[in-house]
Structures are given as structure tokens and as C-alpha cells.
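First comes the structure, then the notes that go with it.
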Amino acid sequence: MKFNEFPFLRYTAFFILGVLVYPSIGQNVTPRTFLTCLVLGTVLYGVLALVYFPKIRRTYLQLIPFLAYTNLIVMGMYCASLRDVSHDPQHLLQFSGIEAYLVAVRETDQQKPKSVANLVEVYAVRTADGWREARGKVQVYHRSPSPLLPGSVLLIRGFPQRIAPAKNPEAFDYAAFMARKQIYFSHFIGTDFRLLQAGNMAPWQAGILWLRQHLEQQVDRYITTDASAQIAKALLLGQKKDLDEEIGEAYATAGAMHILAVSGLHVGIIYGFIFLFFKPQRAGRYQRIVLLGAVILLIWLYAAITGLSPSVLRAAAMFTFISLAQMKSRNPSIFNPLALSAMLLLVYDPFLIYAVGFQLSYIALLGILLFQPMIRSLWHPDARWLSYLWDISSVGMAAQLATFPLSIYYFHAFPAYFFLSNLVAIPGAFLIMALGLPFLLLTSFPIIAGFLGELVNKAIWLVNEGIFSFQRLPYAKIDFLHFSLPQMLLIWIGLFFAYLLVTQRKKKHYYLTLLVLLLLGAYRIGETWQKASQHYLLVYRVGQGLAVDYTFRGQLYSTLSQVSAEDFTYQVLPHRIKQTGIRAGKLLVRDLGKLIRLELPDGKKLDLEKRSWRPLTAGSYRLYFWQEGRWQLHEPSASDLSLPQAAMKITFPSLSNPF
């Protein structure tokens, strides 16, 4: 494979680079400035491309691609700045003293444990100066007895609150997650709002919503087993809101969660069915255009029904471009349509690049395209059924090889039996889709729908039995793993050079692969040394109880008192996985009334005020609080009335010889 045959891979890579560097260097630059730079760069590129200067030929030939890629980076930053609401003078971020606001509902209700969530778009706010036009989105939580439909207009009393950032290091930062969707506010409104206008959706939106709800009702009607109905709605309709946590955990542990998220696998199966029955590749040019045009419409209809998640958008966009390419050629390359689909989706919403599902889906497909042929060539079984199983296994291995650094980076776990579970999951998904799609199409015929529904029920039961059997195996999931961002990038670079080494067999690729391995080893050694030299005490901010970690000479000592399992899993454990692992010695704590005394393993004693956790012991230390995603130094003083409501770290003098 020659990468110069796939220009959109390069174009998309530089565009993504522009989007990624925007938060660091571009947030203080206006969209107009980026547009000016982009226009000037494009004009200069055009002049150099049209005018030839023989005397400076070498410099000239280097300058043109440099300008082209620079323009793509600037274009990525420009698209990100257009989407960044912080530049909007009428956004909610620019208002204070809001007494009420006017909104339109944008989504359907999502049931939560204690309320119902929905997303609303603000049109006006009322302050002391009266009503003013405003813009922005607010995540609201209500307890209305009737659902809020998209298009409904509400008058909400009160003011929305900024979504609180994470209070503990490495904990999931919901504020940052929502900010990348350009949502900065939430509001629990209960029933304190007035419905001014009932939902008035566009006809196509209302039609899609009705069709989705109708199909969900038919699934519940004909697939009588509760677990099977949940999986059918997730796999066929992309609706995972009713999925039991136990089922999701089983599929995640087995490494088969991808079949429950409608993605390229599902859209590809639909695409394959159409090609199997109608064979557009054998038709004449005009017939092929008509058939492939119908394919594109069906793919986007299915994508709309399933909710247009990032994975579905990616798959629909990619197969759309493949279909367009097949209108011209019967066997187009998949790399250019894949890259072009990513680039167009990111032009529409540059911050999609931060969606984990978007990242995993594209990286998995790239891994399959690059590594699956190489893995498959390692063995050529004679038996047809063995060849089929090996093909499926090689697909799963290729996808896991590409995605495991990202999975460990985000989820700190690895499914040990993924290569076996995919032998059940992938054929099972194909079987369920093969039965489920006709079932959805024929629900108007009760006898046929009942028969097909029972077949779908049995197929899902068989897949479930296989998946749960893998979950019950010892060491089914390897937990508490950690990759930092540099480690993840180095592993990907190493995999890429190893791929080039195997496919092209050039000596330079061997040395580059070896260099990456050496860098990875050096990074791990440096990280271990740095952790061993740390000397600090960390007081976590949890809902109830006390959670304290003390790190000394590379060892962790901790105490937990009345901390809920949920707080431990989501607030304490992520930082432990990153810093020191999960093994911890016992830290002795004494309750002395108004203060807590910690007796540290190195002989020191540290007194903390019980109410605020303020250090009371005099000594050489520094006080930090976790704010805005990083540790910020806090200078204690007698005038402090309160301390930040976030995790607190007390650092002691560094150890000169940690070992």
C-alpha cells in the first residue's frame, strides 16, 4: 500500500491537527482572524501553484506542500473557532443576574434515577434590565408528569448553573465533557416552568421519532424476554437507555460491547444485504447510480432511526462516499472515503474529535484495514469452516490491536478473551440483524412478526449465553491498567512502524521500530523514578466520609471511612490507578474531636481541621487544590474563611534518593 495514493488521509490528519491545537493556541483568536489567514494562505498557494520560478525550483517545490498543509491546520482552527460559543457576545456565558429564560426543547426525554433529562436551547433571558436576546444550550432536569417533546417552548424561572468541574484528579470531568459539546450550563427545574407551546417538530423529525417509538413498541410486543428485548433495541435501533447494567458489563468484559453500539458493523451488514440481493456492481452505469442512490437513502434513514450517534454518523458518511465512488468505479479504495467522511463530519462539528465513540470507531476500522490482511496471512486453514472462523478472529484481533491503547487510556481495562468472544459476537450480530431487519419491516403482519420475533429472541438468547460464559471465565477482564497520553501515542507509532516493517521489509523501519521501543522503555523508567520521588498526602473530595492517600518512597498508604462504593470507584480509584496502582498499606487515623490526626509511616504527624481538612500542623509543606483540571497552589493564611471545595494535596520536600 502506498500512502500517496490516499491524499485525503493526509488532508484529514492536518485538519485534525488544527482542531486539536485550537484549545491551546487559538481560543483567544477570533474566527475573522483565522479566516483572514486562511484566505491569504490560499491566495499565496494559488499564486505559487500557477506561477513557476525556475531559479528557486527546490525551495519552491518545498514551499507549496508546506503552505497546503499549513492552510489545512488553519482551516481546522477556523472551523473550531466558528463552533466555539465563547466568541458569541450573546451567549449565556456573557450574562449574569438571570431571573428567567425562554427556551425550546431540542431532544426527547431521557429517564434518570431521580428525574428526567432533556436539552433545551435558549432564545432570550430576563435580567434586571428586562428581556434580552440570548443563545446557548442548557441541560435541564425536570419532573413534569407529561414528556417534553422536541419543539416545545418553555418559560423557565430562575437561572442555569455552570456545570461543576471534577473535584478530584483523574475523575471523569463532566464539565469538560459537556463543554466539548458547547454545553456549559445545567438546571434542575422540577416543575417550575410554564409550557408556552407544545412540541412542533419538523414533519421529517416527527416521522422519524414516531417510527422509532413504533418499532420499539413492536420489539417489546413480540420479543417477550426482557433481556432479549433490551439487546434487540440496542443492536437494531441503537436505543441503549433501557439496557441493564449487568448486561452491559457482561458484554464489556467479554470485549463484545461494540455489537451493542450501532456502528460500521451494523451499517455494513445492511450494505452487504443490499449488495447480496440486488448486486449493483453488476448493473449498468445508470442502474448502478439509481440502486446506489437508494442505498444511500436507506442508510441515512436507518442512521436517523438509530439516533445519529457518532459511530452511526461515521458509518453512514463512509458508506455514502463508498457508494458515490462505486457509481464511478466498481472497486474503489476504502481509505479515501473513510478519511473524507471523517473530515466532513469534523468540518460540521470539529469537537466530535473528542467523542470516545468517534475515536474508537475510526481507529478500529483503520486497524481492520491495515492489520487484518497481515494477520489473516499468518495461517491458511484448509477447512472452509476453519477459514471462516479465522477470518472473524483476524478482524477482531486487528480491531483490538489498533484500539487497545485508547481503551486502556480511557477505561483502564482489557478484555482477555476478546478473540474468543468475537467468534460468538460477530456471527451472532450478523444472525440477529439478518432476522431482526425483516422482523422490523414486517411488524404489520402479526403472524410473520410473531414467528420472526421468536427467532430473534432465540438468537439473542444464544449470543447472551456465549457472552455470559466468557464473563464467568477467570481473568476475563484485566483491570487497573494505565497508559498516559505519550505512552499511547508511542505505542501507535510503534505499531505503524512495525506494520511498515512487515509489509515493506526495509531496514529503516526496523530501526524506527526499535527506536520507539527504546523511547517507550525510557519513558516508563522516567515515570517510575518520578513517582518514586513523590512525597505527598491527598485528601479526596467525596460526598460522605473520609478518603486519604499518602504517597512515600513509591508506596501508597490510605484510609477510607464511610466512603460509598460509587465515590470510591469514580472519585478515588482513577487517581490511584494512574499514580500507584491499587495496592495500599494502612494509614493510621485518630479522631481528636475537632481535628483528625494522621500518623504517617515516616514518623511524622499531621493534624487536619475536621470541618475543612485545613492542615494545622506547622511544617515545610505546600498546599494545592484540584481546580480547572490541574493542581493549583494555595497559600494558607489566618484570614482564610473557607477553602476550595475540591481535592487537597499537601506536598512535602522531595526525597533526594527515592530508592
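Cβ coordinates are placed from backbone N, Cα and C, and glycine is handled just like the others.
The following features are taken from TrEMBL:
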- 7-25: transmembrane segment (TRANSMEM)
- 31-53: transmembrane segment (TRANSMEM)
- 37-189: domain 'DUF4131' (DOMAIN)
- 60-78: transmembrane segment (TRANSMEM)
- 235-502: domain 'ComEC/Rec2-related protein' (DOMAIN)
- 256-277: transmembrane segment (TRANSMEM)
- 289-305: transmembrane segment (TRANSMEM)
- 334-354: transmembrane segment (TRANSMEM)
- 360-379: transmembrane segment (TRANSMEM)
- 388-411: transmembrane segment (TRANSMEM)
- 483-502: transmembrane segment (TRANSMEM)
- 509-526: transmembrane segment (TRANSMEM)
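In this chain, the transmembrane segment (7-25) lies in contact with the transmembrane segment (60-78); the count of Cβ pairs under 8 Å, excluding pairs fewer than 6 apart in sequence, is at least 3. Same-chain residues lying 6+ beyond the ends of the transmembrane segment (360-379) with a Cβ under 8 Å from its Cβ atoms: 258, 263-264, 310-311, 314-315, 318, 334-335, 338, 342, 390-391, 394-395, 397-403, 406-407, 499, 502-503. Of the candidate ranges 7-25, 31-53, 256-277, 334-354, 483-502, 483-502 contributes the most Cβ pairs within a distance under 8 Å of the transmembrane segment (388-411). Among residues of the same chain six or more beyond the transmembrane segment (483-502), those with a C-beta under 8 A of the stretch's C-beta atoms are 370-371, 374, 401-402, 405-406, 408-409, 509-510, 512-513, 516-517, 519-520, 523-524, 527, 578. Tertiary proximity for the transmembrane segment (31-53) is limited to same-chain residues at least six positions away from its ends with a CB under 8 Å from its CB atoms, namely 60, 63-64, 67-68, 70-71, 74-75, 77-78, 81-82, 87.
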